[in-house]
Amino acid sequence: MTSLSYDSTKHKVILISGMQWGDEGKGKLVSHLAPDFELFARYNGGHNSGHEVMIDNVAYKLHLLPCGSLSNHAINVLGNGVVVHLESLIREMETLEKAGISMKNRLFISERAHLIFDFHIELDKGNESDSRKYASKIGTTKRGIGPSYSTKSARTGIMVAEMFNWPNFEMLVKALCHRVNVGRLTDEEIDQLANIELEKHKRYFEAVKHCIVDVSFMVRQYIKNGKRVFFEGANGVLLDLSLDETFQKLSRIGNEFGVSTGRCRRCGWLDMVAAKYAQETNGFDLINLTKLDVLSHLSEVKVCVNYKDKTTGRLLEDGRFPSCIYKFDHFEPVYKTFPGWPGEDLSKCTKFEDLPENCRDYIKFIETELNVPIQWIGVGSDVKNMIIRDL
């Protein structure tokens, strides 16, 4: 196992990403490490992602802004790969302002980031409704993320920088509205829709134009000058389905409801097959194990250690992971069961040795299987409820 340990004096550029299906608790670790860094960069996703960070019993809910925005000293950027719904971004900034956290001169938006328009959102809603007729729902947040990335991939999307050339921006918006044609509208109705979008974006542009810069150049300069840069990933390496009543219980105990949608999050036993795949494809150096305290309500804890073919009984070859949802139907999980630590209040633990023995064994098993050390362990809802191990 690697002996690498996080050192704020040595590691000046780090990236955090979820090893599972999103909602892993990334925001808490970002906030915990925030004092060590000078620039925080969101590089993907949109306002569909949700980070809830608890600081001194106050919950801050972020969707598009990096978690570094909660640190008054830090610069925050939205990178090229982010899709931006300006109305939501401005509203989020105003919410922080009311809480006494100013983003003035602390937020910069990549001129190459693509815009999410309201018609992207309507298209997303329509796609979800249509999917009920022909297939299972995707389960999107209906915030226009997918359609925005679709128009970006089709090279018909519109970058933030286009607003600086307003006459051309007007033409691009009208052309995109006609291509998308939400609701099969008439040409006249589409023009009216485009004009509404343009009227809104004229106001939004005035509010954020001072924030729009070449973020790629800015980040490179920070790194060249030895500044500390933190890359915040949205969502997670894997996205999946499947749950049962046990996992609904975990959702309630852990207060697992989506920050963006309010939906009950789909919680399950730790899937080591998926975790190994995430590790092998990303090469993480260190792991942050979150919400360990939630398991204190269970008399036993299971870990999925392999997938077994329902027909042949064969185990999935080590290193493989099913590529399509339908392939999962051919497998059933193979569990390893650990004795739990019911009733233990982990929030009082400040070092690894304070944890119950069964809990420590569970953590050591995960480390051994992934061959990656777990340096941070979340033992409560507040940012302060974090065990930091000396590795």
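Even glycines carry a Cβ here, placed using N, Cα and C.
Annotation comment: TrEMBL describes ASP23 as active site, proton acceptor. According to TrEMBL, the active site, proton donor annotation covers HIS51. Annotated active site per TrEMBL: LYS152, in sequence order. Here TrEMBL flags 22-28, 50-52, ARG265, 291-293, 378-380 as GTP binding site. Marked as IMP binding site by TrEMBL: ASP23, GLU24, GLY25, LYS26, ASN48, SER49, GLY50, HIS51, THR141, ARG155, ARG263. Annotation comment: TrEMBL describes ASP23, GLY50 as Mg(2+) binding site. Annotation comment: TrEMBL describes VAL259, SER260, THR261, GLY262, ARG263, CYS264, ARG265 as substrate binding site.
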Chain-internal residues, separated by at least six, CB under 8 A from VAL379 (GTP binding site): LEU292, ASP293, LEU346, SER347, CYS349, LEU355, ASN385, MET386, ILE387
Closest of GLY25, LYS28, ASN48 to the residue listed as 'active site', Cα positions, binding-site residues only: ASN48
Least buried by Cβ count (within 10 Å) of the recorded positions LYS28, LYS152: LYS152
Structural state of LEU292 (GTP binding site), classified by DSSP into three states: helix
ASN48 (IMP binding site), number of other Cβ atoms within 10 Å: 25
Rounded Cα-Cα span from ASN48 (IMP binding site) to LYS28 (GTP binding site), Å: 18
Nearest-integer angstrom distance between the alpha carbons (Cα) of ASN48 (IMP binding site) and GLY25 (GTP binding site): 15
Secondary structure at the residue listed as 'active site', reduced by DSSP to three states: helix
Cβ neighbour count (within 10 Å, all chains shown) around GLY25 (GTP binding site): 19
